[in-house]
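These come from TrEMBL:
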- His737: active site, proton donor (ACT_SITE)
- Lys54, Asn152, Arg557, Cys558, Trp603: 5-methyltetrahydropteroyltri-L-glutamate binding site (BINDING)
- Ile473, Gly474, Ser475, Asp641: L-homocysteine binding site (BINDING)
- Ile473, Gly474, Ser475, Glu526, Asp641: L-methionine binding site (BINDING)
- His683, Cys685, His694, Glu707, Cys769: Zn(2+) binding site (BINDING)
- 39-352: domain 'Cobalamin-independent methionine synthase MetE N-terminal' (DOMAIN)
- 468-791: domain 'Cobalamin-independent methionine synthase MetE C-terminal/archaeal' (DOMAIN)
Amino acid sequence: HHSSLLLYLRKNEPIRLSFETPFDSELPFFSPSYRTMASHIVGYPRMGPKRELKFALESFWDGKSSAEDLQNVSADLRSSIWKQMSDVGIKYIPSNTFSYYDQVLDTTTMLGAVPPRYNWNGGEIGFDTYFSMARGNASVPAMEMTKWFDTNYHFIVPELGPDVKFSYASHKAVNEYKEAKALGVDTVPVFVGPVSYLLLSKPAKGVEKTFDLLSLLDKILPVYKEVIAELKEAGATWIQFDEATLVKDLEPHQLQAFTKAYSELESTCSGLNVLVATYFADIPADAFKTLTTLPGVTGYTFDLVRGEKTLDLIKTSFPSGKYLFAGVVDGRNIWANDLAGSLSVLESLEAIVGKDKLVVSTSSSLLHTAVDLVNETKLDDEIKSWLAFAAQKVVEVNALAKALAGHKDEAFFAANAAAQASRKCSPRVNNEAVQKAAAALRGSDHRRATNVSARLDAQQKKLNLPILPTTTIGSFPQTIELRRVRREYKAKKISEEEYVKAIKEEIFKVVQLQEELDIDVLVHGEPERNDMVEYFGEQLSGFAFTANGWVQSYGSRCVKPPIIYGDVSRPKAMTVFWSTMAQEMTKRPMKGMLTGPVTILNWSFVRNDQPRFETCYQIALAIKDEVEDLEKAGITVIQIDEAALREGLPLRKAEHAFYLDWAVHSFRITNVGVLDTTQIHTHMCYSNFNDIIHSIINMDADVITIENSRSDEKLLSVFREGVKYGAGIGPGVYDIHSPRIPSMEEIADRINKMLAVLETNILWVNPDCGLKTRKYGEVKPALENMVTAAKKLRSELASAK
């Protein structure tokens, strides 16, 4: 048949081509392989390139803007993301990966699984109920928050039991699909898969801890079916279920639940292409078999960055006729992809699954990486050439898909190869002395010479603390004025003298407040610090920093991870100046505050050209120098936070021991050389600690403060089960991630629960975490109640003797 086409050449001179064959069979540009070139993004960051969603959320929570204002900002963000992917040429564009707080909480609202304490009365769930579940309110606490697999992203843990009445209570997924379609973008709606949702949940309060959450599968699938039916009616052709729990060690009955769920959904999904996504690790062989035999599933996404062994499973037993979405572009780090290496992997996969069934994808959602490198105007050109943020990764995915289809952008690939080569041989990356010092650590144990009970006796003689000593975790509220001072100093708008004066005044105010409250071990409040990792990274060699490399941690909370690009060392002391200044303001012990090596590692974008433990040992040596300088300066209590130790635990049990060995060793390296009278504290937040309690004991800290209140005292169960802990321990007595102010009675009740399972002489009283994100109007009364509760119980314990 006759077809004609108007082409514009580079000189913009039109020529008309006519031909009698179908037009896509002659011209290379219109070859079938080019037109079916397939690219996919698992998910995308929500916050916006300049944290637009964060500011809209906080304005709404503070009552400064309306729900409509928040919805408008969110709609603009969604449309810009969809347009960006569409313009690049991505074929499978995700929707429903946007969230006002968290995608697991979105699933809870879709299922109408609202705990009774929020007094939801049915109907479509609105912002009031949604944000109360996430953040708590004046009368009820928030739901538990914990880490999403081994990332620094937190999700809101569903609370489920046999009596939960599920109902279709949020039409967000369908509404967002329609919203994208109205903009001319056909998307793939993304859901937390039904089985993973249940496996990530916990039994609600009052429900037996042994309750089988998978028994609720038959109750939640009807809601999923309703959503799927609506999406089909709206015109959806693909749907994505994220079933990342498949990469964990699952029992046979848990694997059977996947088969049951997808068998049940098969008829509803008829006419739809169903994609099941896994990520973050190798998928075990039994789970791979389960996944690739699920009824009604069209394709599978695998993480081929962290899951190198998965390649072997694909090569030996990938099912014929199914789509393989190959996650070769790293969704969790910011290094530019090795395009030549990825293309080679893709070509080997193409030979197995067929050209028309291979889709280039990201290894996971890009939620875990920074948004756009374009906004980084201060990074130097060499380091910038080594990086790719989410927006650049979208381009990389499409460039690989084009190359696979025979339309390789030679200039793009050549620039990428040059950047890869420059990174390998750059003198900025390699420091031989540091490498040798870190390598020398491997064979030794690094333990303090005296056991912890003898050290605690020596420390008590020096510190003379009461029983149930009170402290806080480190940071105090960071006011707008304080942030302005730091910003102006960084921009050289105020002198160093003015800056030091302002920070000194803030420290004095924090010290005075703690003395008024009668807290026993003080902190300086960390007014000089922007972030607990970034602050240290800025003073260590081998780190680079972004202006807008923000990554969502939870809700509106974002972090700006440093980039570890080279060997790490400490040129000079980092905290001694401020800690000694603060100690001079009080006779009470002042904690020196440091971030531990494992947390600096896990909360940074880490170089991917050497094993993580080698980088961690380098950081440990730098922190060791700082610990010893603090001690020399007269600081007798030093806290080395390891908030992220649990988070780095590999998802497969077989890999736990190796990680915990080098992670715990790294912590011990930092304080092996201090005197018995120097008290070493550490802090850990939101995580399930019970399975690593023996590693926590093995860290050999003198005192550990730990999250406890939001997880409903889950931590205490490990001590009820007979684990003996001889060091000091401060399970948090109230949740600082909620604006709610706990009463004295509530805190006293929590301390009494701790006293039932812990020795009086080792128990400390403290909040769950740092107070940086709270306001003084919340902090002061909460700490007053905490100290009053501690004093009340001291007096009761004394009179009971």
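Quick reminder: no glycine exception, Cβ is built from N, Cα and C everywhere.
The maximal spread of the L-homocysteine binding site, taken as the longest Cα to Cα distance among Ile473, Gly474, Ser475, Asp641, is 12 Å.
Checking each of the binding-site residues (Asn152, Gly474, Ser475, Cys558, Asp641) against Glu526 (L-methionine binding site), the C-alpha distance stays within 10 Å for Gly474, Ser475.
Same-chain neighbours of the L-methionine site beyond Ile473, Gly474, Ser475, Glu526, Asp641, judged by a C-beta within 8 angstroms of the site's C-beta center, are, in sequence order, Thr472, Val523, Met532, Met593, Gln639, His683, Gly770, Lys772.
If you check the binding-site residues Arg557, Trp603, Cys769 against Ser475 (L-homocysteine binding site), the ones with a Cα inside 10 Å of its Cα are Cys769.
Neighbour count (other Cβ atoms within 10 Å of the Cβ, all protein chains): 27 for Ile473 (L-homocysteine binding site). In this structure, the C-alpha atom of His737 (active site, proton donor) lies 10 angstrom from that of Arg557 (5-methyltetrahydropteroyltri-L-glutamate binding site). Taking every protein chain shown into account, Lys54, Arg557, His683, His737 are the recorded positions, and of these the Cβ with the most other Cβ atoms within 10 Å belongs to His683. For the 5-methyltetrahydropteroyltri-L-glutamate site, whose annotated binding residues are Lys54, Asn152, Arg557, Cys558, Trp603, the maximal Cα to Cα separation is 20 Å. Each of the binding-site residues Cys558, Cys685, Cys769 was scored by the other Cβ atoms within 10 Å of its Cβ; the lowest score goes to Cys558.
Here the C-alpha separation of Glu707 (Zn(2+) binding site) and Ile473 (L-homocysteine binding site) works out to 11 Å. In the shown protein chains, 25 other C-beta atoms lie within 10 A of the C-beta of Trp603 (5-methyltetrahydropteroyltri-L-glutamate binding site).
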